[in-house]
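S.K.: This is the structure, below, for whatever I ask next.
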Amino acid sequence: MTQAASSALPLSTRTDPETQPIEAALVGAPNCGKTALFNALTGATQKVGNYSGVTVERKIGVARTPEGRQFSVIDLPGTHSLRARSPDEEVTRDVLLGRRPDERIPDLILAVADATNLRGALRLVNELKSVGLPIVLVLNMIDIARHRGLQIDHLALSQSLGIPVVTATAVRRGGLDALWEVVAPMLEAPLPAAQPATWVAPNSHDLRVAMREADRLVKAHVIQPAIPDTVTARIDRVVLHPIAGPVILLVLLFTMFQAVFTWATPFMDAIDAGFTWLGTLVAQVIPSGLIQSFLTNGVIAGIGSVIVFLPQILFTFLFILLLEDFGYMARAAFLMDRIMGRAGLNGRAFIPLLSSFACAIPGIMAARVIDNRRDRLTTILVAPLMTCSARIPVYTLIIAAFIPKTKVLGGLSLQGLVMFGLYAVGILSVLVVAFCARFFFARTERSAPLMLDLPDYKMPRARNVALGLYQRARVFLRRAGTVIFWSMVAIWVLSTFPQPPEGATGPAINYSFAAMIGKFIAPILHPLGFNWQIAVALVPGMAAREVAVAGLATVYAVSGDGGLIHTLAGQWSLGTALALLAWYIFAPQCISTLAVIRREAGSGKWMWIALIYMFVLAYVAALITYQIAALLGAG
Amino acid sequence: MMASHDTMKAAATAQPLGLCRRGFRGTLVSVSPVATQGGFDPEELERRLLELGFIEGATVQILHEGPFGRDPIAIRVNDTTVALRRHEAMAILAQ
């Protein structure tokens, strides 16, 4: 890591304020309400992208002073210190120090502090001063601080620090008035020129000095409330209770799954019906032939198969965003750390793995919160083993066809139990694989200890949650959508060409490249009890797991779920069905997940490791399942 | 860090937070990690603990223990709450 080189020439340059609007950078710790302030400043003008070469989210938007002057605001990744530890924090440091050639140095730093917890922010400001840019310290969430009886003399603090200090409540209407009073005039006049950066990474002696200075400032300018706020302590006494805590976590998770699956179903049905209708419409308008087939089977079915998962992903994220805003996620990490630690995972991996129940893609992206490289890679490698929603169509199809609708153990549905079992095996395999993942890493690459802020609880804000959901939906549709779309097109080509000869009797797919590949790999899959039809369906199933269902319907030339269930029940043995379920717990049948692993892990190596280990596990699991079933007479 | 005579004397009666139970309340005497297996090198651990607010003289209190094996622990340090594993909390001496 580059820590010295303070005298190195900046790679990027400051822009001429005459030609380009001023750029202000928001810098602050995670949880200080920085994103809320960014939302309040820029609203719907936000553009979310990536910094080049790294998968760190780049958020920029246009803000307007009450007088109407526009300036751009960049929301730099949250950091406690310029001593960067994660790729996100490195971006913040590098942008501020001009070490990113493609990124301009901001003209102004808006240092955001949680007014209820100033100490850390004051130390960060201390570091930021050595960057050489003009700084305004924003005491955010001032309403909560006042409500608790904290009194901050921000004018005196401003004098001690030698920089302007303003108060703000990003989430309230008019909450930025005090900020504009100071910042708007600054933007009208030319900003002070940047001084050369003198920042060097502080050592432990520097840190002690800086912490003591921050303590001194807090003592001098903040009057603590006579009666300390006890809401957080009281909630924690229940939520972190050794027995009640885990029970509450389980109940929350259970409620979340119920909600995700039941609430999302009507939306998914509607989307499904919409695309079916669209497909029928196109089929009516365009004469049958290659173009019609491409549009209906390739394009419309392809896009539909992606969008149908949007409701589940949004509901999952709704829960995650609410719990995160409330402050519960850090508590969940606290409760789960020991169990996850045994498996070699960090408590922070809990959130990414939870997201992976909806879809591994947002889960893998959420692994960015883990600052240690080894822990992050381990989480990325195991996230696809969590039972994502794309497995559900396959699971429900096979369960409906082969598991009788009987009640066992006093009223529990056997079908439900099998479903639960598939989820449980997924979770178990995550823990086991994470435990084994340590063998992939060099001895020198160590797992990081848990160091976690437990922030005060606060009410989630509807506007922030809505913006968060909107951004996640966009990211999902754009990233996953493009990859799945193109793979669907590729698979359409594979399963359409070459076309069946004149007078052919079987379904067209039987004459295609997909069938050739399927028949080619069929002997390899034979010991698993898979027939060539399954092998053919698994080829398009590489695009996304649920596509295999459509693949099976095409191969068996039946339409509708009911018909397919009936056909499968007649054609497969129980052993084959169970082996296919076992296969689907592990198989990496999702090109977009692999693409995201490649991007997030920063190299193709990890994608190949994931691909190979998951196929090996899938093969072994299906082999064992089928062979045992065959021994018991169900082959 | 160079321990002064005072902190040496105090350290004699101080105990590592990693061994303290829920309800412990005291004053932080020193942050002095020794080489540990896994995790960070001692210097980095010291810097991170300092950044979290673990500094000599701070009031520390163990608020919660993890449900499994009483690990990790939630520590109130001055007016923030931080979760650490006991392993790392061994570097913090308090009395």
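Heads up, the Cβ atoms here are built off N, Cα and C, so glycines get one too.
According to TrEMBL, the protein has these features:
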- A:21-189: domain 'FeoB-type G' (DOMAIN)
- A:243-264: transmembrane segment (TRANSMEM)
- A:270-291: transmembrane segment (TRANSMEM)
- A:298-323: transmembrane segment (TRANSMEM)
- A:349-370: transmembrane segment (TRANSMEM)
- A:382-404: transmembrane segment (TRANSMEM)
- A:416-441: transmembrane segment (TRANSMEM)
- A:476-497: transmembrane segment (TRANSMEM)
- A:509-528: transmembrane segment (TRANSMEM)
- A:535-558: transmembrane segment (TRANSMEM)
- A:564-586: transmembrane segment (TRANSMEM)
- A:606-629: transmembrane segment (TRANSMEM)
S.K.: Using a cut-off of under 8 Å between C-beta atoms, tell me which stretch among A:270-291, A:349-370, A:509-528, A:535-558, A:606-629 contacts the transmembrane segment (A:564-586) the most.
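M.R.: Stretch with the highest Cβ contact count: A:606-629.
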S.K.: Which whole number is the mean pLDDT over the domain 'FeoB-type G' (A:21-189)?
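M.R.: Average per-residue pLDDT within the domain 'FeoB-type G' (A:21-189): 89.
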S.K.: Out of A:298-323, A:382-404, A:535-558, which stretch has the largest tally of CB pairs under 8 angstroms to the transmembrane segment (A:509-528)?
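M.R.: Looking at each of A:298-323, A:382-404, A:535-558 in turn, the most contacts to the transmembrane segment (A:509-528) are made by A:535-558.
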S.K.: Of the stretches A:270-291, A:298-323, A:349-370, A:606-629, which racks up the most C-beta pairs under 8 Å with the transmembrane segment (A:535-558)?
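M.R.: The stretch with the most close Cβ contacts to the transmembrane segment (A:535-558) is A:298-323.
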S.K.: If you count Cβ pairs under 8 Å, which stretch among A:243-264, A:298-323, A:349-370, A:382-404, A:606-629 touches the transmembrane segment (A:270-291) the most?
M.R.: A:298-323
S.K.: Sequence-remote contacts (6 or more beyond its ends) of the transmembrane segment (A:349-370), Cβ cut-off under 8 Å?
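M.R.: Residues 55-56, 86-88, 253, 257, 260, 309, 312-313, 315-317, 320, 324, 329, 332-333, 336, 340, 376, 378-380, 382-384, 386-390, 430, 472, 475-476, 479-480, 590, 592-593, 596-597, 600 contact the transmembrane segment (A:349-370) from elsewhere in the chain.
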